[in-house]
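Per Swiss-Prot, the features are as follows:
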- Gln1: pyrrolidone carboxylic acid (MOD_RES)
- Cys7-Cys28: disulfide bond (DISULFID)
- Cys13-Cys33: disulfide bond (DISULFID)
- Cys17-Cys35: disulfide bond (DISULFID)
- 26-33: region 'Interaction with Ca(2+)-activated K(+) channels' (REGION)
- Lys27: site 'Basic residue of the functional dyad' (SITE)
- Tyr36: site 'Aromatic residue of the functional dyad' (SITE)
Amino acid sequence: QFTNVSCTTSKECWSVCEKLYNTSRGKCMNKKCRCYS
């Protein structure tokens, strides 16, 4: 799943993904957070 959350490191996305998609797996791609379920 793609998000509109900007990021610089994948670590920033973990809590975002947990909130949005209830998954703790996320990566920073092209300066945006991307979540995996």
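In case you wondered, yes, glycine gets a Cβ from its N, Cα and C as well.
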Take every residue in the region 'Interaction with Ca(2+)-activated K(+) channels' (26-33), average their pLDDT values, and give the whole-number result.
97
Given a Cβ distance threshold of under 8 angstroms, which distant residues of the chain, six or more beyond its ends, lie next to the region 'Interaction with Ca(2+)-activated K(+) channels' (26-33)?
2-10, 12-14, 16-17
Tally the residues of the region 'Interaction with Ca(2+)-activated K(+) channels' (26-33) by DSSP class, grouping H, G and I as helix, E and B as strand, and everything else as coil.
0 helix, 6 strand, 2 coil
Minimum Cβ neighbour count within 10 Å among the recorded positions Cys13, Cys33, Cys35, Tyr36: which residue?
Tyr36
Sequence-distant neighbours of Cys28 (disulfide bond) in its chain (C-beta under 8 A, six or more apart):
Cys7, Thr8, Thr9, Ser10, Glu12, Cys13, Arg34
Can you tell me the CA-to-CA distance separating Lys27 (site 'Basic residue of the functional dyad') and Cys33 (disulfide bond), as a whole number of Å?
6
Cα distance (Å, whole number) from Gln1 (pyrrolidone carboxylic acid) to Cys33 (disulfide bond):
9
Between Cys35 (disulfide bond) and the residue listed as 'pyrrolidone carboxylic acid', what C-alpha distance do you get in Å?
5
If you count, for each of the disulfide-bonded residues Cys7, Cys17, the other Cβ atoms lying within 10 Å of its Cβ, which residue has the minimum?
Cys7
